[in-house]
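If you check TrEMBL, you get these features:
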{"type": "DOMAIN", "residues": "114-535", "note": "domain 'Peptidase A1'"}
{"type": "ACT_SITE", "residues": "Asp132", "note": "active site"}
{"type": "DISULFID", "residues": "Cys145-Cys151", "note": "disulfide bond"}
{"type": "ACT_SITE", "residues": "Asp319", "note": "active site"}
{"type": "DOMAIN", "residues": "344-384", "note": "domain 'Saposin B-type'"}
{"type": "DOMAIN", "residues": "408-449", "note": "domain 'Saposin B-type'"}
Amino acid sequence: MHARSPPTARSARHVSCCCCCSSRFPIAAMGTRSVALVLLAAVLLQALLPASAAEGLVRIALKKRPIDENSRVASRLSGEEGARRLGLRGANSLGGGGGEGDIVALKNYMNAQYFGEIGIGTPAQKFTVIFDTGSSNLWVPSAKCYFSIACFFHSRYKSGQSSTYQKNGKPAAIQYGTGSIAGFFSEDSVTVGDLVVKDQEFIEATKEPGLTFMVAKFDGILGLGFQEISVGDAVPVWYKMVEQGLVSDPVFSFWFNRHSDEGEGGEIVFGGMDPSHYKGNHTYVPVSQKGYWQFEMGDVLIGGKTTGFCASGCSAIADSGTSLLAGPTAIITEINEKIGATGVVSQECKTVVSQYGQQILDLLLAETQPSKICSQVGLCTFDGKHGVSAGIKSVVDDEAGESNGLQSGPMCNACEMAVVWMQNQLAQNKTQDLILNYINQLCDKLPSPMGESSVDCGNLASMPEIAFTIGGKKFALKPEQYILKVGEGPAAQCISGFTAMDIPPPRGPLWILGDVFMGAYHTVFDYGKMRVGFAKSA
């Protein structure tokens, strides 16, 4: 997602994590293919906050560290620390009263990485982890990791030094978008803030090949997704917190401080939410599919004007492990064009427009079914539902045996994008010449293979708001919220917070609302009521 790895998406999951400017959603997360391309950032977490005085909650502070230009290639998470203590329990208190809770301080790295500290074993061995709502396993490097250089750059778990260690030994492996880990399961106590989760199954990583985890400043990942995507069907840490009665309310919330010059980076509150971190009421939407924190989203607007792409609905994921905001290439390209972002020119796109543009327009004007147009012009075959590159079969879903996506060639992909763009322009009554010229401009703005696009830092004032419709309400992002600035003065570089990621039907189109979005909107993950809530961050 970045040529010059800017702070962008996730750590090591395939879509969610993008270590070393890559991705982070585990590609094979226990029977669920997660796809996402995002940068994974890394920031060392400082010591956890002292035990919180607030009743019913536990905080994990997210803290910041100075920008390390050598680590930009590993940027992914963003975060900030929230170290203030909470008030007394009551109608306005966090969590709504009763029970235990915890607040974990997080560190912020360039508004692209958020990390916190946990302990494993008795006495607790400290590890810096990404709290990742886009994956579900806990893993840290093992002292038995002998042949992966990455392990020697991080804290390693030593089972022989823990009195609560229990042997498991079941093998485990997770493939991320930009890296992988392998090892075996063990069980031990896990300390998160003031909470001690007993008998927690986690992965001791004995193999971390490549550079992805070597350059990352986090030691491991603590997944906060659902068990449905847990490798090895391991029970996630959050489930154990609820089962063991460590939190009174089955709710956790994220606050990211996007002011990277401040000391505090943000915090996670286990057991509720801190009213000082948001304004007004939360808008809640139900979880539509367990695995990731997935919900249904409506139209996407650029400068108040509909794109039409999600007018009939799209799926989205609230993902703390993704630095950027990822979405379908066709719409991300339009957004980046409107904000003046410069991507990599796609020759295939321009070729399609020059050779087939008029024919596509004619078919659209003749009210040909849009999904059949690219097959009619000979760039795709039509399988009854989707356009598929000639000579390439549809992928069959490993689990359901249904069509899970397409392995489309570049010309087919470019044609399908052109159809979407032309539809939108025709709906605005643009002339054919204007439409073809506009599509050519969009081709110039196609993101680079790693997804990054840069903008002129001096043009923020003229950039439009980008809004997402959730629960019938529009959640707008201002330029200063969706542009990431790296460096200061004349040497400063500004990066678009939008990156392309295509997940075909039936699972897509899918949007990944990462830290760019969660930084602007305080996010509540309500496990008890199976819903996600958003309110403007304070």
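For all residues, glycine too, the Cβ spot is worked out from N, Cα and C.
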Between Cys151 (disulfide bond) and Asp132 (active site): CA-CA distance (Å)
20
Applying a 10 Å Cβ distance cut-off over all chains shown, what neighbour count does Cys151 (disulfide bond) have?
25
A 10 Å Cβ contact count, applied to the active-site residues Asp132, Asp319: which residue has the minimum?
Asp132
When you measure from the Cβ of Cys145 (disulfide bond), which residues in the chain that are at least 6 apart have a Cβ under 8 Å away?
Cys151, Arg156, Gly183, Glu204, Ala205, Thr206, Lys207, Glu208
